[in-house]
Amino acid sequence: MRFAVATFPGSNCDLDCVHAVEDVLGAPVSTVWHQQTDLDEFDAIILPGGFSYGDYLRTGALARFSPVMESVVAAAKQGKLVIGICNGFQILCEVGLLPGALMANDHLQFRCATPELVVENADTPFTQDYQSGEQIQIPIAHGEGNYYCDEQTLQELEENRQILFRYNSENPNGSTAGIAGIINRAGNVLGMMPHPERAIVDWMGSADGAKIFTSMLRNWEER
Ligand SMILES: NC(=O)CC[C@H](N)C(=O)O
């Protein structure tokens, strides 16, 4: 399984994602500059965290027009696995691969913390190595992680089990229904505010993020 990590001007978690794929999976992984449009050789695409285009205008609002995004949309339509982490989640919402939007945190502060999450649905390509209801810890670091969607969208997300992660006790950003991560209707595009690549071995404080990567690999092998 070959992974691409799309890198935008201002990305700062791209190399952490490369290390996570190498260290957890030992799978081939390359960074792909945002001007590249050929993603044919890759089976999965990671949109990493950071401050693409300096967060100007709105997080992800400019990166969504980068040339690579047309290919990311095409890859998602083909059924390839796409995961957007933090700024990557923001870009996925801006480009329309995921519903809703990420707004400024309700307290208007940039928040770094390691909140507890609940795995709401372990029956997806990104979570199959977890148990539904499992409580895990994965760090966050963002200023605009306040996920918002309208009532009807929330109802659809709930009914189709598209909410994969919720903040357990304390909601660090005011997100609707405590949402920390959602999947698209087809089940192959995940956006999440917490950073699984920062929780892959115990010395990081938590290794709970590793199962996202192992789930993706196992899902791909089973296909
Ligand atoms: N860690 C990140 O990817 C941060 C995303 C974005 N710059 C924000 O502050 O919300």
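Cβ coordinates come from backbone N, Cα and C, glycine included.
Model, not experiment: these values are computed from the prediction.
The annotation active site, nucleophile is assigned in TrEMBL to Cys86. The C-beta environment of Cys86 (active site, nucleophile), restricted to residues of the same chain at least 6 apart in sequence and closer than 8 Å, consists of Cys13, Pro48, Gly49, Gly50, Ile140, Ala141, His142, Gly145, Met192, Met193, Pro194, His195.
For His195 (among others), the entry in TrEMBL reads active site. For His195 (active site), the number of other Cβ atoms no farther than 10 Å from its own Cβ, over all displayed protein chains, is 23.
Sequence annotations record features per position, and here TrEMBL assigns active site to Glu197 (among others). Neighbour list (Glu197 (active site), Cβ cut-off 8 Å, at least 6 residues apart, same chain): Cys13, Asp16, Cys17, His19, Ala20, Pro48, Ile85, Gly209.
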